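The annotation substrate binding site is assigned in Swiss-Prot to Arg28, Gln29, Ala30, Gly31, Arg32, Asp78, Tyr154, Thr209, His325. Summarising the annotation, Swiss-Prot assigns site 'Transition state stabilizer' to Asp78 and lists sequence analysis as the type of evidence.
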Amino acid sequence: MTQKLVTKPFIEVLSGNRQASPPMWMMRQAGRYLPEYRATRAEAGSFLDLCFNAKLAAEVTLQPIRRFGFDAAIIFSDILVVPYALGRAVRFEVGEGPRLDPLNSPDLVGTLNGAIDLSKLEPVFEALRIVRSELAPETTLIGFCGAPFTVATYMVAGQGTSDQHPARLMAYQHPGAFARIIDVLVESSIQYLLKQLEAGADVLQIFDTWGGILPPREFEKWCIEPTRRIVEGVRKVSPGAKIIGFPRGAGAMLPDFIARTGVDAVSIDWTAEPNMIRERVQSKVAVQGNLDPLLLIAGGSALDQGVDDVLKNFSAGRHIFNLGHGITPDAPVAHVEQMVKRVRAYKG
């Protein structure tokens with residue numbers, strides 16, 4: 001008896017095959033909007049305790065899959081585990097977000113450890129193995145890292161800021177020191193992503209949350225080029241690796257991003273202009289996005305219209321339905337259910 005071949009709709013889209021009903025998931029789908037997540041988080045203690053408890057991290061990764069039947073699970077972790085594995089002190093203050101010891105001068109950058117200690121991230125890899133063993137074969141497992149520029153913004157400032165100006169200023173005033181941070185993060189990210197593939201990830205996503213704040217010349221230098229190096233480095237070892245880029249806010253710079261980096265897909269935020277995306281981006285790679293997360297708070301007819309607009313704009317090509325950024329903690333579960341039902345009913 002021959003075994004039935006299982007296809008993953010998510011992988012099909014990344015491989016060039018449009019799906020009549022687009023596969024879907026949500027950025028930050030394992031999060032505080034879910035009561036089961038809040039209960040598990042309370043059991044774990046701190047946010048980092050949850051990230052580094054393989055059993056509990058696997059549990060919260062699986063929770064939105066059980067509840068909504070998404071086509072992809074993304075491992076529960078954080079982009080700042082890479083600085084942690086580089087020996088930087090990383091902590092999360094309640095209500096204030098991440099805190100690190102800042103690398104805000106060339107002398108301090110000189111203290112940066114250049115080699116990542118992957119053993120510190122073993123709980124992430126173990127969580128991937130657990131999730132992979134429990135996921136249905138047709139469900140895709142996503143691993144991820146932060147893009148070097150975005151991670152560097154937190155490392156330089158020691159926290160998030162409204163426009164991440166400390167890192168941008170260092171890049172202008174001390175480009176050699178800033179390049180040193182980027183180089184370390186590129187090599188560390190390659191190693192980290194390869195270990196995630198080894199642990200069971202099917203797809204990788206590179207989150208450049210702050211890339212879109214850069215002007216074109218700096219976007220090319222600090223966003224496109226480091227991402228290209230990561231993609232190249234991963235594929236040198238794993239030639240078939242499927243990789244999604246998310247240079248949030250890149251807008252008109254997206255065509256250059258996809259042409260230069262070699263990603264299989266790009267996530268787009270809700271401000272992306274649909275005609276440009278269809279003509280200059282989706283004609284080359286798959287597109288993921290791009291519902292405004294605020295619509296999941298609004299609900300009702302506004303949410304329905306937003307879902308319909310995304311489907312109308314992108315379903316004729318290769319498309320993965322997602323949000324334009326992460327779901328917020330105050331989004332009602334019922335509104336997520338409303339969105340899922342509407343997307344699943346679509347046959348384009």
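Note that Cβ sites are derived from N, Cα and C of the backbone, with glycine treated the same way.
Projection of Swiss-Prot feature records onto the structure.
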residue	record	contacts (Cβ under 8 Å, 6+ apart)
Arg28	substrate binding site	Gly326, Ile327
Ala30	substrate binding site	Tyr37, Val60, Thr61, Gln63, Pro64, Ile74, Phe76
Arg32	substrate binding site	Arg38, Arg41, Pro329
Asp78	site 'Transition state stabilizer'	Phe47, Leu48, Cys51, Pro98
Tyr154	substrate binding site	Leu80, Pro83, Pro98, Leu100, Gly160
His325	substrate binding site	Met27, Thr209, Arg248, Asp269, Trp270, Pro293
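In the three-state DSSP scheme, Tyr154 (substrate binding site) is classed as helix.
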